[in-house]
Each structure stands twice: as structure tokens, then as C-alpha cells.
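One structure is given here, and the rest of the page talks about it.
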Amino acid sequence: MLTFVGRRLLTAIPILLGVSIVVFITIKIIPGDPVASLLGPTGSAEARAALTERLGLNDPLPVQYFAWLGHTAVGDFGTSIARRSDVAPMVLDALVNTLILTAAAALLAIVLGVVVGALTALRRTGPLARIGNAFALFSISVPQYSVGLLLIIYLAAGAGLFPVSGMYNPGGDGGFVDLFNHLILPAVTAALVPAGIIARMFRSAVLDVMSMDFVEALTARGLSRRRVMVHAFHNTVPSLLTVAGLQIGYLLGGVVFVEAVFAWPGIGLLVYQSISQRDLPVIQAGVLLSALAFVLLNLLVDALHAVVDPRIRT
Amino acid sequence: MTALTEAPALASAPPTTDGVPRRRRRMTLSARIAGGVVLLIAAVAVVGPFLVADPLAGNPAQRLLAAGTDGHLLGTDGQGRDVLARLVDGTRLSLLAGLVPVLFAAVVGTGLGVAAGLAAKWGHRLIMRTLDVFYAFPAVLLAIAIAAALGSGISNSIIALAVILVPPVARVAETETRRLVDLDYMEAARASGATRFAIAVRQVLPNVAPPVVVYCTALIGLSIVYAAGLSFLGLGVSPPTAEWGLMVSDHTQYIYSAPFLAAIPAVAILIASVAFNVLGDCLRDLLDVRGEARV
Amino acid sequence: MTATETVPAPATADGPASAVLPLEVTDLTTTFVGRDRRIPVVRGVSFSLQRGETLMLLGESGSGKSVTARSIMQLYGLSAELGGSVRMNGQELLGLPEPKLQNIRGGQIALVPQDPTGALDPLRRIGSQLTEVLGVHGIERVRKSARRRAEELLAMVGIPDPKRVADSYPHELSGGMRQRAVIAIAVACDPQVLIADEPTTALDVTVQAQILELIAELQQRLGTAVLMVTHDVGVAGDFGGRIGVMYAGRLVEEGPAAQVLSAPRHPYTAGLLDSLPAPGVERGALRSIVGAPPGVGAFPPGCAFAPRCPQARPSCSEDDPPLLAVADGRSAACPVANPTPDGKAAA
């Protein structure tokens, strides 16, 4: 078990290195002169040359990469061009906010997906099954940004039930209730697509398991229908975990739209705002941290997988 | 359309052939509806722009007209432009922005996947580990970062989406290729002296194509939503061009005065996405049916 | 109609002789029901089992032998309609309410399925699957004693280190060990009838004999009646007991294994045996039965074997011959084997 996790951790290292290379290259191909944007239009030629030298921009690319990697590894993401402040705390705060939203949306998506998936697998006809199937189909097709807007229109702005945007009320106490109220609409919006995907996957997982031999064998042992179902659902857990892990990863990225619509101060919003300001260090750090969170999440899912399924615990 | 998802009734069915004809019939019905919608969208994309008024011509005196007034079937937007005309005119770009990345990913992803599946160990590793790196990013965020790096513009948004769609397609192709390689007839083909390339073209591609086609069809819906999403964030086409995602973000300004306005392009995106998703489902079920028949 | 007519059943004071038969199947029919189709798979099968007795159901795939076995346990739920009668100790099982059936399944009638891998929950340790069955049937409800009993059962089926196996997951065991564990679960509640559906088909040849030996040994020790389904004439011959030959959803011949295999009465049984290679027989001497067995649900009128039968008469494709006694303890469903209509054997 521990060796299993340890091995997985080792495989994550080359992937993270690859991730850092991709991020580095992405930033390097961006047109525009970072020195000019740091100094502003008034910078003198000497100042420009000095800064270029100081930033190491005259070095060959591999040297620049390793220098950047070294800084990044110790949490030094540089200085934001637009905000003139340290990137690291800014991005870390945003990451925490994104993780809050992601966790809430993931919880909703998993509960909704499992309920709808089980329902449509066990009852294949009738109005409930129809509603479930329609939900699974439409929810994977919706553009999240529009759903978010519609929710704002009708539930927030229209009915005044929920706050329109942000994470806390300005001047509020920043308490949990305030956070919860702000969280509901973005979480529902972000959860829709993964809920639909989980529902569809879980439905076929249930059908797969129910068609497996051991269901009949368990019935033949004299177990009640309820007990047999407990065994069957236990056996859907590994595939549910795989799908849920993928979808949470998807959420980490997909919340960008939601954060943009609801002004949720997460990584997505930060990156979105930095795009228009061409604030490259922030974009770089945001994407890198998201990828790091994503890789760690995958590791966690792998470890959980080994916990629930003895067959892969080797 | 909802009838379709009831279709694959696999579990615990008695050993009968019963129900299969009915399943097929239902499937073709939803396939027909979805196919019809897709054709309609395609037709609108091709000839629509010739049938409607100038999508860029706005009359500031006619701002935010309600649907149906003054011959504006869907009303006018904040600059007095006809919403229907913009919707129809935007179909072409919205569809292209969603379709082209998938086509690109289908070709490149299949190539990479088949190559990895047939390659020797180190080649397989090299390709798959490289793809794993792209898997390590949350896909949407990576697309946004790439699009942001390249700058706005529809071609850049297409490139960004293509990059994130290649790895999953390649994985599907690789899995399928690996499965084929283990089969006996591949052994026979190798033993008969066929080159790797010949095997790839004659034996592997025809078998890898169906799952890839199914997968890619299902990706189109997603890709359309993402493409519009990039425009929504300001990373796709630039105003005043008509495009669905851009229309959503444009109409958002008037969310309080004309709340329906923002819903119109959103519904267009939804319909297109649902149609392609249903089509993908039908293709998958058809393929499963064929698989059953082969046994 | 059944072959047991000729076998004297041990009578007790409790009631008629048939009341103590562990299993008595009369005119069992199984029809799978679809949305707009009904497919008969088992068409009037009758047989019975004494305490400690073995009946081998021998037949090709699609003959309905497995479906017969599963119908006795009523495992098909709503997807099949059952007809006729299945009695255990005189009690009718068909139509019993589900809770009572659950007590009987795994308690008095147990199943050993074909594939031991599929028969075990892959995510549960062997020990926990055993104790679950013991608990459900009220044998051992206390955890500790159930665990002890589980280890005893594993030891009884010839597993050398029951403690370790009880703590193992199914995938950690070999196929033979898995099948032993499945058998341990099956005999956990000391069933009167053990239904073994091709229990060795999924195993290595070397392990097959061991498993058959184990079943025979348990049968001796526990006095269990065994209904074994097989397509393997060799298995049927080795195991002994009686043989029932099935074709197209019907029992076409029944009798003591040695006699049926050495002097078959039904042309189908004869054809089946002729098509087997045997030591000393040249390959060229093998004859296969002409044609192919009818597909499930597509049975021809009259005797289903008539189109392939070398001795078919015109009447064969009109009337389906009933299973009649042809000799002491033997019966066959064929006018060739039953020359006289009163059921007295000619040979």
C-alpha cells in the first residue's frame, strides 16, 4: 500500500517537470516584451539593458528554465506586472478559494450523479427514468457560463434569493453562512456538467456490475435483494472513484467560466483578469499551481482506489 | 430525444434476441432527430448569412427591442442590431470553432495513438508520457492559458482547443491499437512480413476508426461549448463579429433590462451541443449493436 | 413418468415416500419472457434425487441443462416464467414468497457456479463472504464463532492454510483454490441438495479431477444430493450416479451412468457417445451427428431430435415422445427405445 503510493509519487515527478516545461514554453512564446511592460514606456535604454540582464533574459533558454524552476520550487513566482506585488500569496489565496468552490461543486456533482445514475440504471422506464436521462443528456451539453447567467437573472437578481457575485458580503463578518450563500449558485453551475457525466458513467457501471456473475451467485447464496445490492454498489465504487477523480480535475479547470461569471475570487478569475492585463507571471503561477493541485488530486484518487479495490494494491 | 438514453439494456437480460429490433428503431429515431438538427445547423451555417439582414448594421434608435417588434424576430441587441441575423451569421464561426479542433485532434490524436500502440517500448513510453504531461493540466485552464499566450483571434482559440483535445483522442486510439496488437491476426500479418506502416494502414486504422469517430463525435458538443466559452472570455473572435459566445458576453451587459437576450445565444449553443452529443450516443450504441452481432 | 418410479424410496412414518425426497422436479418448464416474445427453454423436465444421490444433467450448450438447474433455485426473477413443480421434502418451491426462497437458497439448495472467479465478490475477503452466508442463514451469528466455522469449512474443502485463505481476496487465490472456496460457501449451511453447474469447466485439467473428488467426498460425508450439470461425457462417466441426457429443453434419456454410457437407448445419446474419441478407436471411426442442434426457442414440432435422427419415423416429427421407463431404473423418450406403448421395454 505505502510502496504503491510511493511509486505513484515517483511517477508524478517527471510529469510535474513536463508540466513546468510546458508552462515555461507557453510563456516564452507570448508576444510582447516583459521588460517593457515592467518598466513602462518611460524606461531608459540603460535601465532596460540592466533589467534584461538582471532577469536573466540574455541567458540561453535552458539556463533561464532552470533558474525559473529553482525560484518556482521554493515558492517564488515573481512579481505581478499589473498589481506590483508578490505573485505567490495572491495565487495561493485564489487557489484556496478555487478549491472551496471545486469541493462544493464536486460534492454536489457526485451526489447528484450517483442518484441519477443509479435511478436510471435500476429503473429503465417510467417518468423518473425519463427525467433522469434527460438531465444526464442536457447537463453535459450546457454552456456553464450561460447557466450561471440565468441563475443570476432569476434567483439572484430577480428573486433576490442569493448574492449575485463574490465570496463574502462587503462589510460582512466573513462567516460561514455568508460564504455558504455566496457558494450555492456557483457550485450548482459548476456541478452541472460533471454531474451529468458522473450520472452517465455510474449508470453504465451499475449495469455492468448487475450483469456480472457474482450477482447471481450471491442470490443463490440466499442473500436478500438488499444485501445483493450492497455488494453490487460496493463493486461500483472503484469506477465511480475513477470518474469522480477525472471530473474533479475537470472542475479545477472548468470553474474558470463560473468564477468569471460570479466574480468568485479564485484562480480562474485571477487568470482571466490577468489575460487582459497581460500579467504573465500571474498566469504562469496560476496555471502551474492548478496543474500541481490536479496532479496531487490524481495521486489521492489513485491511493483511494487502492484502498477500495484490493486487486490494484500491488 | 430522451428515448435514446434508455436504449442500451444490457444487464441481466434473459438470453433472448428480443427487444433488439425495438432498440434499433428507437435509436434511429433519436439519431434522425439529432442528425436533422445537425444538418439544419450546417445548412444555416452555409446559406443562412445570405438570407438574413446585415448582422453588423445597428440602428441606435432601435436598441433592445423585444422579440417580434418591427420585424426583428428575436429583437435587437444593445446596439440595435438584429439578434436573429447575428445568431444566424454567427453559426458559421461558432460551428467552425468547435469542429476544426476536433477534426485536428482526430487526425493527430489517431496518428499519435496508433504510432504509440505499434511502437517499440521506448517509443510508446515517449509518446504516452508526453501526453500524460498534457493530462496533468486542468484542460480548460490549459486552453485558456494557450489562447491567452497566443492572443485573441479565432485561429488561436482553435489551436488552443486542438491542443487539449489531442491527448484524450490519442489515448482512445492507443488503447484500441494495443488491443488489436494482442489479437492473433496481427501476429499473422507480422509473420507474413508486412511492414509496420502497412499493418497500421491496413489492419489497425480500419479498426481504430470506429471508436475514434464515436469519441470525436461526442467531443464536438464539448468543443462547441468550450470554443464559445473562450470567446465569452474574450479569447476568440473580436467584436463586432457575430459569434455565439461573444454574443453571450455582449448580451450580459443588459442582463437586467433585457434578461432574455443573454439566453438566446446560450440556447443556440445548448441545442448544437445536445445534437452532437445525441449523435455520439447513437453512434456508440450502433457500434455496440454491431459488436454484439459479431459474437 | 419419472425414473424414480422404479427406485424404492425409503419410506418413513412422516408421510408418503415422495415427501422425503430432497428434490423432486415434475414437468418443469422455463419460458423466458421478453417484451413481445416468449422463448421456451426448458420444456417439461422431470426427475428426482434421493438423499446422497447424484444426477448428472448431460447435454450440449443450449440444451437447457443450466437453465433447469437455475430454475430449481428460481434465480431468473421476472425474466422467466416457471411451470410444473419443484418439491423439496414434499414442499412445493415454485411460487414461494421471496423471503422463504432466500432461506432455501444457500441453505437447503446451494449452487456451485461454473466460473469460480465470477462467483465471488472480488472486493470481499473469502472469510467475510463465508461468515456473511453463515449469518444470513442463522447458522453462526456471533462474529468470532462464525469466523472459526469459516476456517473449519475451508479446511473441510481441502484448503491447506484456512486462516490465510480466509483473509485473502479472491484474486489472490488460484482457480482451484477459488473453486474450493466457492464450494465451502455452498456447503456452509449443510444443504440437502448441491447444484453444481459445470464446476470444473473453467479450471485446469489437473485441478478438475481434484474438484470432482472433493464434491464426491463431501457428498459422502454430508449425505448431500448432487445435481451436476455438465457437457463432458467423461466427467459424467467418472462421477457415476445417474445420468439425465438433455436435448432441446427436454430430458431424452435417464438411468444409471454406467448403463446409459455403455448401452444408450436414445439415438441422441448413442450419437453423442459415437462422436467421442476413445482409446483404441481410430479417428476415422468417429461419427458426428448430422446437422446442428436447434437454436434456443426454435424447436421443431414433434421430437426435436427427429430431423437429425438416423432412426426417425414419420410419426416422430408429429408427436413428441414422452419419457417412459424402458428397463429397470432406465427411461428414454423415444419410440425406438419404447417399442410398446405401455412402457414395457422390449430389450
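Heads up, the Cβ atoms here are built off N, Cα and C, so glycines get one too.
Of the candidate ranges B:1-23, B:70-92, B:231-253, TrEMBL annotates residues B:1-23 with the feature region 'Disordered'.
The stretch in closest packing with the transmembrane segment (B:254-280), judged by the count of Cβ pairs under 8 Å and taken from B:31-52, B:95-120, B:132-151, B:157-173, B:212-234, is B:212-234. Listed stretches B:31-52, B:95-120, B:157-173, B:212-234 were compared with the transmembrane segment (B:132-151); the greatest number of C-beta pairs under 8 angstroms is found for B:157-173. With a cut-off of 8 Å between Cβ atoms, the residues of this chain six or more beyond the transmembrane segment (B:31-52) that come close are 1, 4, 82, 84-85, 88-89, 91-92, 95-96, 271-272, 274-276, 278-279, 282-283, 286. Sequence-distant contacts of the transmembrane segment (B:95-120), counting only residues of its own chain at least 6 positions beyond either end whose CB sits under 8 Å from a CB of the stretch, comprise 41-42, 45, 127-128, 131, 154, 157-159, 161-162, 165-178, 180-181, 196, 199-200, 204-205, 208-209, 212-213, 216, 219-220, 223-228, 230-231, 236-237, 243, 272.
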